């Protein structure tokens, strides 16, 4: 899973030809750490890019995308945000959401 920041977000997410799942998280967030292994599995199982944005280190991105609670997972397709999942949800819910856009 790739860790990105404000400098690499446009290239890695907005200009990506692949579907991108962005995990807005922070290292002190228990639910964020809990969902991490699930995201690793999804990155291996699906034809999409999974990236993480540390909200503590990238507050401008968090503000721009209206992040109010973490983890917040956003799906981007061809540079456009197409879906958002808030919280440490079960893998089955993430899979259902991802499958809508593949």
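Positions of Cβ are set from backbone N, Cα and C atoms, glycine also.
As written in Swiss-Prot, here are the features:
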- 29: active site, nucleophile (ACT_SITE)
- 32: active site, nucleophile (ACT_SITE)
- 29-32: disulfide bond (DISULFID)
- 2-102: domain 'Thioredoxin' (DOMAIN)
- 23: site 'Deprotonates C-terminal active site Cys' (SITE)
- 30: site 'Contributes to redox potential value' (SITE)
- 31: site 'Contributes to redox potential value' (SITE)
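Taking every protein chain shown into account, 30, 31 are the recorded sites, and of these the Cβ with the most other Cβ atoms within 10 Å belongs to 31. Taking a C-beta cut-off of under 8 Å and a sequence gap of six or more, residue 29 (active site, nucleophile) has these contacts in its own chain: 70, 71. Taking the Cβ of residue 32 (active site, nucleophile) as centre and 10 Å as the limit, one finds 21 other Cβ atoms among all the protein chains shown. Cα of residue 32 (active site, nucleophile) to Cα of residue 23 (site 'Deprotonates C-terminal active site Cys'): a distance of 9 Å. Secondary structure of the domain 'Thioredoxin' (2-102) per DSSP, as helix, strand and coil residue counts: 37 helix, 28 strand, 36 coil.
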